Amino acid sequence: MAVAPARARSDYDYLIKLLLIGDSGVGKSCLLLRFSDDTFTTSFITTIGIDFKIRTVELDGKRIKLQIWDTAGQERFRTITTAYYRGAMGILLVYDVTDESSFNNIRNWMKNIEQHASDNVNKILVGNKADMDESKRAVPTAKGQALADEYGIKFFETSAKTNLNVENVFMSIAKDIKQRLTETDTKAEPQGIKITKQDTAASSSTAEKSACCSYV
């Protein structure tokens, strides 16, 4: 029998883990910071590890807590493994529209996802740095759309600098995940998406431990 979600600490109904995947330098951290804090900086100091930000949004009358994870430099060493993908409900595959190699590597990231992520994870393709001058563009919009169509996923071009489509891309994948959750039966519940009263104490403990994480 399905258990109705209970708000942990009365501040959200669902917890959704999202991942940002892509080559180093495509702007994943900038997208994360723009969406979570509505700020932008070009002076990031890359750290080695995994970091995340949280933002709570409302969809269809439900408060959705988005936990968005950034690789924080690990992608340079190809060390992203199953542990990073565990529990992920959505993945944003990001490339730089001025860097064709980052676009070509999307196929490799897709293979990585197929190896480590759950079969039903939602995916979305993101062409970042769309604010750059057209003379610097290496990947036409049509080419990005064609790749997304090939994989059967949505496609957005974004700019963390100008805030172009940043809100739209995160809200789009969150909405798709929520819709999928409402269509699933009780078999989906062990994945830890619905927050029950029993989870509240554990969530509080985890939050305390996560407080030491810093964002760069």
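Note that Cβ sites are derived from N, Cα and C of the backbone, with glycine treated the same way.
Annotated in Swiss-Prot:
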BINDING   22-29, 70-74, 128-131, 159-160  GTP binding site
COMPBIAS  200-216  compositional bias 'Low complexity'
LIPID     C212  S-geranylgeranyl cysteine
LIPID     C213  S-geranylgeranyl cysteine
REGION    196-216  region 'Disordered'
MOTIF     44-52  motif 'Effector region'
Residue with minimal Cβ packing [other Cβ atoms within 10 Å] among the binding-site residues A130, A160: A130
Most crowded position, judged by CB atoms within 10 A, among G22, G25 as binding-site residues: G22
Sparsest-packed among the binding-site residues, when each Cβ's other Cβ atoms within 10 Å are tallied, from K28, T71: T71
Whole-number mean of pLDDT values that fall within the motif 'Effector region' (44-52): 60
